[in-house]
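Undergrad: Have a look at the structure that comes next, please.
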């Protein structure tokens, strides 16, 4: 049994424990953590199992949620698997966690269930009035492995849907964000089908999210993901936004990474910052 999201710990205490040496890397990390500690008091460690970008982003989004996002309210949201399957036969090769080899024809109902679960959890938590109640609900959800991983399957499917929308928009001459070109400029994902086979199907199994896929996740959720990239301290990339030109009305979640592979979350904004 592993905790998905560990209890809070003082940020500087955590930093001193993790980065004791006097190497240039340790010094940079300590400076980075000091900068984060100007804004946030605590850190919560995220379980590292190739889902950590999903876990950190979703935990932050839910624990701050005050309303159901527009895209979750739409009538045809839960019809996505059927609608996409009717147009793209290759989606039958979608791989479900722990069910490799199960055909998509059989699992569109399961993905529909995951999307319904995502909507239900988001709605329930966003309707809670007290921050403490929200935190407790999130702590409980992220201890329930079955539900937690079902939500990640929903997120992956939403990323596929977003990728298809962006790809089609670009092909029909509409304006798309720059990351979309980069996403489809890779040899391994020159179209949504390849993206699914070579990337999305592997997330959580043999790899996590690459940088360009962090943009895709942000677009799928319509959230700005702000990341303190500690190893980039004192460069322009120390605080990176996905997407880098976010819509003004998108909510913001904040993550911390030491290496662009594993993500933790800062919590408890310092009073001055909040004012």
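Cβ atoms are placed via backbone N, Cα and C, with glycine included.
Bear in mind that the values here come from a model prediction, so they are computed numbers and not experimental data.
Taken from TrEMBL, the feature active site applies to 49, 262. Positions annotated as active site, nucleophile by TrEMBL: 52. Taken from TrEMBL, the feature site 'Linear diubiquitin binding' applies to 237.
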Undergrad: Highest CB neighbour count within 10 A among the recorded positions 49, 237?
TA: 49
Undergrad: Including all protein chains shown, what's the count of other C-beta atoms within 10 A of the C-beta of residue 262 (active site)?
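TA: That number is 18.
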Undergrad: What subset of the recorded positions 49, 52, 237 lies within 10 angstroms of residue 262 (active site), using C-alpha positions?
TA: 49, 52
Undergrad: Roughly how many Å separate the Cα of residue 237 (site 'Linear diubiquitin binding') from that of residue 49 (active site), to the nearest whole number?
TA: 25
Undergrad: For residue 52 (active site, nucleophile), just count the other CB atoms lying within 10 A of its CB, please.
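TA: I count 23 other Cβ atoms within 10 Å of it.
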